[in-house]
Amino acid sequence: MATLNTRGNDIALNILSSTTESSQAVVLSRARGSPNSQRAWLFGLGTLGIILASVLLNPFTSTQESPLNIDPTDYAARTKHILSTTPLIDGHNDLPYLIRTELKHQIYNDRFTFNTGLLSNTDRKKLRDGMVGGQFWSAYIHCPKDSETNKDVPLDEATWTLRDTLEQIDITKRFVDEFPDLFQFCSNSSCAREAFANGKIGSFIGIEGAHQIGNSLASLRQLYDLGARYITTTHNCDNVFGTAASTVSAGGEDKGLTLFGEEYVAEMNRLGMMLDLSHVSHETMRDTLRLSEAPVIFSHTGAYALSKTLRFAPDDVLKATAEKGGIIMITFINRFLRPDDPDAATIHDVVDHIWHVAQVAGWDHVGVGSDFDGTPVTPRGLEDVSKYPRLVELLMERGATDDQIRKFAGDNILRVWSEVEKAAERIQVEGRKPNEAIWEGRTWVRSEMSPPIMFRDSIGRRIPSYLGEP
């Protein structure tokens, strides 16, 4: 439940200050004399009490208008007000990956000076200066490569990716727990709103690549139970579920989703886990949008119409995502925003992509997914997480309204997340069981080839030597 805090108090004062002089007279001046005037006074006082109670108990219901005393051209003041009353939620940040690779999981190491400052894009001060209200922390593991050829390993070859994914989740949870005054771990959309109301940064987990789940829907379910709430269907490699954009960029065929990928989409819908289409090929995007029973997300992508980067979404996909109720969250990666001249990328390129998506898909379907700490270089003007307010100000300069900014900042992704949860509830109420499909290319080792013991029609095939010596 939302707590009473300065956000709610500020909004209440705004309501009081914005009432007309005549209405204040009714509410604040107890009329004397006739019963009618006394009833009017009581009615006015009761009405104001209801308004104030609703504001203080749920600050998210009171953010539809800016205070009347803010100059519409004072973009900094408008931004501060909006981000104080609506959570700014980034769809993708790789700080846990840096902790794993640079500190070998050791968040208690003295070198991890998160409180006093890091050279990376993210630390305590930068998050607070950037008015961040929620963050999807990425559990990212590289696509497995052959150590000699640097080529993708065969899909049925056992790798370390699932183990490392579990370690990455462990890092994220311990990191969040280490700073309880700053972060609150959440696994549902309601908690994300509660965290913001409590003055904390809601912290959520997304897995950046279904190659990390061991080709197994059973593993998928366990990762959900550990708190992961989205999975990027592919990273920079094909997997058993679908084609990656990187494959098409290298001249490979765009085969879209596999048959097993269709089972994966269905199970993600049943679980209430968001399907992330960043990194996937265009046909994988289209196949998923056709099959999914819930909205989808692009946690960190861009508009293909502005930059011919094959991992960006073309306009037909932007429109289909909107029709499905989903969201496209814009990334800050230079080489994708400006493939012709990455060093020239600036904050204005990001604004261009946001604006294009808003015009094609609508303001209900656009958000931000930076990929901070997952890319070595970011656009000028977006050097770290402290720069989000400036991004919002530039959108306002282009003409974005306060309501549109609130949607972009966090309301859209929270709506999508909530709708994915509701779709899962509906599917489960219908009685759909966990999907037991198994990838056709799975290799069964000898120890997994069970002897015929359970069933009468097969017991005659029992081979005593196979069972081993007593």
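Quick reminder: no glycine exception, Cβ is built from N, Cα and C everywhere.
It should be emphasised that the depicted structure is a prediction, and the values quoted were computed from it without experimental measurement.
Among H279, H348, the residue that Swiss-Prot places alongside E208, H300 at the Zn(2+) 2 binding site is H279.
Closest to C237 (disulfide bond) in space, going by CA atoms and restricting to the binding-site residues H92, D94, H279, is H279. Residue environment of D371 (substrate binding site) contains 25 other Cβ atoms, counted within 10 Å of its Cβ in all protein chains. Of the recorded positions H92, C143, H235, H92 has the largest number of other Cβ atoms within 10 Å of its own Cβ. Within 8 Å of the Cβ centroid of the substrate site, not counting the listed residues H235, R311, D371, the chain contributes E208, T232, N236, S278, H279, H300, T301, T331, I333. Using a 10 Å Cα-Cα cut-off around H235 (substrate binding site), the recorded positions H92, D94, C143, N188, E208, H279 reduce to C143, E208, H279.
Cβ crowding, taken as the number of other Cβ atoms within 10 Å, peaks at E208 among the binding-site residues D94, E208.
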